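Peer 1: I'd like to ask some things about the structure below.
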Amino acid sequence: MEEQHKNILQRNRTSLVRDLDPTNLYDALLEKGVFTHDMIDELRIAGTRRDQARQLVRDLETRGSRAFPLFLECLRETGQQALAELLQTGVPTVQVHPATPTEVVRPVVEPLPVISPIDVDKHRKDPVPVHPVQRPTITPSPPPEKEYFRPRPEGRTRRDSLQ
């Protein structure tokens, strides 16, 4: 939103919060693309009518350059001409230009090549038959008679540790 439009909203914030009926504006603002469905839902749960109006003005300032003229148009369409005139005074005439449509890009679906199943074993030509390798069944571990024990020193038991 342009800075001059933000200033107009800020100067008239008290009147907007006091007199604005946001429930009548929701459908028009959504239809014109000023707010999204999620934003309208957030406004509806904002609390009292005044809280909703306050949040609407706050959110309106974050929208694009077309938001202010479209908001004025919505005010007129919903019978809130007095507020529209209040905001319009001191503002140069604003022309609402339709948004330029963006080209819709559709994904191209290309089918994957289909390969018929083949018998893997039929085409296999191993010159040497494969046999499993025999490994020794003995695991390397020290014999029990050579276990390594650290001898305990003879003498008094330490009292500062658990034993």
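Backbone N, Cα and C define each Cβ position, glycine as well.
Curation does not apply to TrEMBL; its annotations are automatic.
What you are looking at is a predicted structure, and each value in this text was computed from that prediction instead of being measured.
From TrEMBL, for reference:
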type	residues	note
DOMAIN	1-90	domain 'CARD'
COMPBIAS	119-128	compositional bias 'Basic and acidic residues'
REGION	119-163	region 'Disordered'
COMPBIAS	144-163	compositional bias 'Basic and acidic residues'
Peer 1: Counting each residue once, how many in the domain 'CARD' (1-90) are helix, strand and coil under DSSP?
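Peer 2: Its residues fall into 65 helix, 0 strand, 25 coil.
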Peer 1: Mean pLDDT over the domain 'CARD' (1-90): what is the value?
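Peer 2: Over the domain 'CARD' (1-90), the predicted model scores a mean pLDDT of 89.
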